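What TrEMBL says about this protein:
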type: DOMAIN; residues: 4-322; note: domain 'Glutamyl/glutaminyl-tRNA synthetase class Ib catalytic'
type: MOTIF; residues: 10-20; note: motif ''HIGH' region'
type: MOTIF; residues: 251-255; note: motif ''KMSKS' region'
type: BINDING; residues: 254; note: ATP binding site
type: DOMAIN; residues: 336-483; note: domain 'Aminoacyl-tRNA synthetase class I anticodon-binding'
Ligand code: GLU
């Protein structure tokens, strides 16, 4: 078998999208599973749509996800250049070959003529298809068009009456009739190749063995197969991976605001790359057993195209959050602290650089929420109570504070806090024991009044840790406030 070589070929038109990241991931996993090479090629021939710097940003996001390539614009490789617009000479060589062999022709149709032809076909109830009226112009006709100043494009001469069969790794046998396909442009009048042509030359010369890409490209595949045949290249194996649908079961569009769609947005929000990789690996692929949590290396070991489904994948935002939460729980605290700091800073809660004491405080704060946090940005909202001077007590909180044991418990606790020299979680534990002994109250009746009085909330992270972090002075102030005003 030929060496397995796959590629991801983004057009630098925007940020790295979930769908693109999945294509890159599946291509990467397939190559690595089979000990092969993964290539990143920048398909920048659609120059009007290119966005300055988008290629670098996309590559940075792939790296962040841990998807590494063996060949590409930045690392080079034996089949470069890996940027299409640096390969026009190569394309022209093959276009010349097709022109010489009569498999392509210079087409002088203007945009207006093309539009008119289409409109007429539609008016006649036909599916629009290029008529190929200028397939066989005489030298005189050509000279006349040139004299008019028309600049020709190059069109591929689609063979008549052919059935094009794709043996797709995922979709099975898919057939297209060549008669449904009009002669299509392979080089624009300004000399740039079109995607369908460049992709064939590039995949063939770069010895790509498996083209793994989104299902939306399936309809391009017959055109590409015809070009492979015309150039005498062996086509690769094709694997078209299913669409990704949004939570409502509709095709995800880039404008769909119900889903965060770009990888940099997830990075910004404090998601972990290995959680995202795990999540997107399950968009269309399913493992053999029940287990769904896989490290990147485990994915390399278990991924297979055979287990990629034809059916569309559903993007379940809740599941992504949950999965990220699982990874956050397992990650070293230090790492989550680093992710949380920029969010706390942006919210004006802290100011970097932090000195050692502040860093220790933030670390303890994040530790309180590590279990619960689904992504790092949540720390701001979750930890709100630690940054408020004044607490307001909701109706519910007041009801808790109205229970009969509350004054006794709070006063006993306040006294101990006032006497204490140290206010670490262990000291607080002892204080609660003491209050229990003195008042006879335990469990919820003991802890809830203190929690509600100090935080204003009935729920929250570990109480001793929270109190210690809020700090002795603020705890005293809040207990006083409740004892004097609320009770
Ligand atoms: N540049 C194409 C895209 O961004 C890649 C198509 C392909 O993989 O053949 O969709």
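Placement of Cβ uses the backbone N, Cα and C atoms for every residue, glycine included.
Quick caveat, the model's predicted, so the values are computed rather than measured.
Around the Cβ of the residue listed as 'ATP binding site', the number of neighbouring Cβ atoms within 10 Å comes to 10. Taken through DSSP, the domain 'Aminoacyl-tRNA synthetase class I anticodon-binding' (336-483) splits into 104 helix, 0 strand, 44 coil. Sorting each residue of the motif ''HIGH' region' (10-20) by its DSSP state yields 3 helix, 1 strand, 7 coil. Classification of the residue listed as 'ATP binding site' by DSSP places it in coil, neither helical nor stranded.
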